[in-house]
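According to Swiss-Prot, the protein carries these features:
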type	residues	note
TRANSMEM	2-22	transmembrane segment
TRANSMEM	27-47	transmembrane segment
TRANSMEM	53-73	transmembrane segment
TRANSMEM	81-101	transmembrane segment
TRANSMEM	102-122	transmembrane segment
TRANSMEM	146-166	transmembrane segment
TRANSMEM	175-195	transmembrane segment
TRANSMEM	215-235	transmembrane segment
TRANSMEM	263-283	transmembrane segment
TRANSMEM	294-314	transmembrane segment
TRANSMEM	325-345	transmembrane segment
TRANSMEM	354-374	transmembrane segment
Amino acid sequence: MESYYYVFFIILSIIFIVPNLLKKFNIPAITSIMIAGIIIGPYGLNILQVDETLKILADFGAIMLMFLAGLEVDNETLKQEFKNSLILSLFSLLIPGVGGYLIGQYLGLGFIGSLLYAVIFASHSVAIVYAILEELKMVKTRLGTIILSATIIVDLFTLLLLSVVIKLGIGGENVGTFLLETVLYIGVLLLAIPSLSKNILGVFEKLHAQRIHYVLFIIFIAIIVGEVIGIHPIVGAFICGVAVSEALTKEEHDELLNKNLNAIGYGFFIPIFFLVLGMETNIRVIFNLSNLELLLITLISAVALKFISGFIALRILGFDRIKNTIGGLLTVPKISASLVAASIGRELGLIGNEIFVTIVALSVITATITPIVVKHIFVAKCNKKAKN
C-alpha cells in the first residue's frame with residue numbers, strides 16, 4: 001500500500017501541472033484531469049488505486065460541485081429565464097428520452113430496461129456542464145443560466161425517473177409515495193433554508209470559519225434526510241446551494257463563494273472528483289466491444305438526439321448559430337447519472353454486460369470529447385471577435 005504522502009503528492013502534482021500543460025491545446029481542466037486519471041488509474045498504468053479514502057474525497061468533491069452549482073445560479077436571472085429554461089429542458093428531456101426508450105425496445109430490453117435507456121439518453125451531467133461554464137466564464141450569462149438551469153431541471157427529472165425504475169425493478173409498490181416525499185423534501189429545503197440562513201449567517205457576519213461550518217452543516221443535514229427518503233446526495237447538495245443563494249446579498253454571495261467555498265472546492269475536492277472518475281473508467285471497454293453495431297447505434301443516436309434537441313430549443317429562443325451549437329453540445333455529456341443508472345440496471349438484471357459496457361463507453365466519450373469541442377468553438381468565436 002502506498003504512503004498517503006506519496007498518493008497526495010501524485011494527486012496534487014496532477015491537479016497543479018496537467019491542466020496548465022494541456023491548457024495550451026485548449027483542453028479544459030476537467031477533461032485534462034479525467035484523462036490523467038485514466039492514465040494513472042488501475043485500468044491504465046496502475047500508478048494509483050482508488051481506495052475508500054479517495055472515494056470519500058471524490059464523493060465530497062461531487063457534493064461541493066453540486067452545492068456550488070446551486071449557489072452560482074442567479075435566482076433573479078433564473079426567475080427571469082425560467083420559461084426559456086423550461087423550453088430547453090422539455091426539448092432535451094422528451095426527445096432523447098422517447099428516442100432512448102424506442103432504441104431500448106429495438107434492442108429487446110423490455111419495458112423497464114427501455115425506461116432505463118430513456119433515463120440514460122435524457123440525462124445530462126450538471127457537474128461537467130457547470131465546470132465548463134465556470135471555466136469559460138459563462139455561468140452568469142443569459143445563455144449559461146438557461147443551459148445550467150435546464151440541465152438541472154432535466155437531471156432532477158431523470159434522477160426521479162431513475163428512482164422509479166429502481167422501484168419497479170425491485171418490485172416496489174410505493175412509487176407515488178416516494179415522489180410525494182421527494183417534492184415535499186425539495187419544498188421544505190427551499191422554504192426553510194433561506195430564512196434560517198439569513199439569521200445564522202447574520203450572527204456570524206465577521207466569522208468566516210463559522211459561516212463555512214454552517215454551510216457544510218446544512219448540506220450534510222439535507223443529504224442525510226434525503227438518503228432516508230432515497231434521494232441521491234447531489235440533489236440535496238444542489239437544492240441547498242440554491243436555497244443558501246436566496247439568503248445572501250450580492251456582496252455576501254461573492255465573499256462566501258469566491259473567497260472561501262470556491263477555494264476549498266476547486267482547490268482540492270472537485271479536482272479529486274474528476275480524477276477519480278477517470279481512474280475508475282476502464283477505457284479498454286471501448287476497444288474490446290464484441291458488438292460494434294451496438295456501440296455505434298447507442299453513441300450516434302444519443303449524441304444526435306441530445307444535440308439536435310438542444311440546438312432546436314435554443315434556436316426557438318433566438319440565439320445565434322454559434323450559441324445554439326455550444327448549447328446543443330453542452331446537453332450531450334453524460335457521466336455520473338448514466339453510469340449510476342447502468343450500474344443499477346446491471347445489478348437488477350435489466351441490462352446485460354454488453355449494454356453496460358456500451359453505456360460506459362458512451363459516458364467516457366461524451367464526457368471527454370464534448371468539453372474539448374466546446375472550448376475550441378468558444379475560443380474560435382472569441383478570436384473571430386477580436387479580429388473584427
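Easy rule for this one: first residue shown is 1, then count along the chain.
Note: Cβ is positioned from N, Cα and C throughout, glycine not excepted.
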Positions on the same chain near the transmembrane segment (354-374), where near means CB under 8 A and six or more residues out:
26-28, 30-31, 34-35, 107, 109, 120, 125, 128, 131-132, 136, 277, 281-283, 285-286, 288-291, 294-295, 298-299, 302-303, 326, 329-330, 332-335, 338-339, 341-343, 345-346
Should anything in the same chain at least six residues away from the transmembrane segment (53-73) have a Cβ under 8 Å from its Cβ atoms, list it; otherwise answer none.
4, 7, 126-127, 130-131, 134, 139-140, 145, 148-149, 152, 215, 219, 223, 233-235, 237-245, 253, 256-257, 261-262, 264-265, 269-277, 279, 336
Taking contact to mean 3 or more CB pairs closer than 8 A (sequence separation of 6 or more), are the transmembrane segment (294-314) and the transmembrane segment (27-47) in contact?
no
Counting only pairs at least 6 apart in sequence, do the transmembrane segment (325-345) and the transmembrane segment (2-22) share 3+ Cβ pairs under 8 Å?
no
Looking only at residues six or more beyond either end of the transmembrane segment (2-22), which have a C-beta under 8 A from one in the stretch?
29, 31-33, 35-37, 40, 47-49, 53-54, 268, 271-272, 275
Which bits of the chain, at least 6 residues beyond where the transmembrane segment (81-101) starts or stops, bring a Cβ under 8 A of a Cβ in it?
114-115, 117-122, 124, 142, 145-147, 149-151, 153-154, 157-158, 301-302, 305-306, 308-310, 312-314, 316-317, 327, 331
